[in-house]
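Annotated features in TrEMBL:
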type	residues	note
DOMAIN	37-272	domain 'G-protein coupled receptors family 1 profile'
TRANSMEM	20-44	transmembrane segment
TRANSMEM	56-77	transmembrane segment
TRANSMEM	97-116	transmembrane segment
TRANSMEM	136-159	transmembrane segment
TRANSMEM	179-200	transmembrane segment
TRANSMEM	220-242	transmembrane segment
TRANSMEM	254-274	transmembrane segment
Amino acid sequence: MEMVYHLFLLLGLSDDPDLQPLLFGVFLSMNLVAVLGNLLIILAVNSDPHLHTPMYFFLANLSFVDICFISTIVPRMLVNIQTQSKGISYIGCLTQVYFFLIFTVMDSFLLTVMAYDRFVAICHPLRYMVIMNPRFCGLLVLMCWLIIFWVPLIHILLLRRLNFCTILKVACSDILINNIFLFVATALLGVFALIGILFYSRIVSSLMRISSAAGKYKAFSTCGSHLSVVSLFYGTGVGIYLTSAVTHPPQRSSIASVMYAVLTPMLNPFIYSLRNKDVKGALGRLLGLGTTCL
């Protein structure tokens with residue numbers, strides 16, 4: 001991004017004017033599918049008493065975060081494509097970065113909390129309802145939000161102190177403090193992802209010790225959707241990081257990053273609805289279709 005007269009100039013996905021209508025149609029469709037799919041998950045969880053459990057409480061929160069996540073990127077991009085404008089104000093850019101960081105890290109936190117929920121359900125089933133009581137679940141989500149609001153805010157405040165020439169890497173000001181904060185914040189936030197991985201390893205280990213095939217299938221069916229979503233979130237994230245590290249043209253990295261921001265929220269509702277009988281049944285009752293139609 002270049003800063004000119006208090007504006008950042010966004011690189012965009014393509015300078016070819018013939019591709020702009022196609023890009024607009026593709027990303028508008030993907031945005032609508034993602035928002036509608038996640039909204040249906042939220043409505044299904046809230047309307048169906050069978051889904052008033054900790055697992056689906058966290059799922060509804062994840063769907064809400066995914067709606068916010070995609071809404072921080074795609075609408076602005078669609079406006080820029082439609083108006084053929086690449087400019088964004090300095091404050092507007094910082095605001096977008098702030099909310100993008102909030103919802104990206106909140107996704108990771110919620111996946112870790114959901115991993116803990118499945119860990120308790122599978123490894124300590126007799127104590128599940130005692131441990132994962134409504135108050136504790138609410139406190140977990142509230143704690144995540146409180147942490148998330150402050151960490152990106154400090155990052156943005158540190159960015160505000162910089163004088164930009166062209167990009168952050170060649171900022172006119174000393175960025176040592178920014179780099180130290182980013183390193184420490186990334187390390188601390190990465191601990192949550194590591195905790196989630198440890199929970200998953202315990203879950204898989206416990207599932208493999210189940211002797212009966214029917215028991216294994218039932219156990220895997222309760223966490224198969226979640227494992228798929230986790231693999232999608234972290235797998236594509238690692239793929240984007242590796243792509244940006246080996247790809248020199250900036251537009252290729254931009255395309256990969258935008259696809260990650262759009263695809264993950266769009267696919268999550270399909271993964272949970274197609275692989276989960278409870279969600280499929282709730283969606284059927286919500287839409288008045290009956291479970292046989294799904």
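From the backbone N, Cα and C atoms, a Cβ is placed for every residue, glycine too.
Only sequence-distant pairs (6 or more apart) were considered; of these, fewer than three Cβ pairs between the transmembrane segment (97-116) and the transmembrane segment (20-44) are under 8 A, so the stretches are not in contact. Across the candidate stretches 20-44, 136-159, 179-200, the maximum count of CB pairs under 8 A to the transmembrane segment (56-77) is reached by 20-44. A mean pLDDT of 78 is what the model gives for the domain 'G-protein coupled receptors family 1 profile' (37-272).
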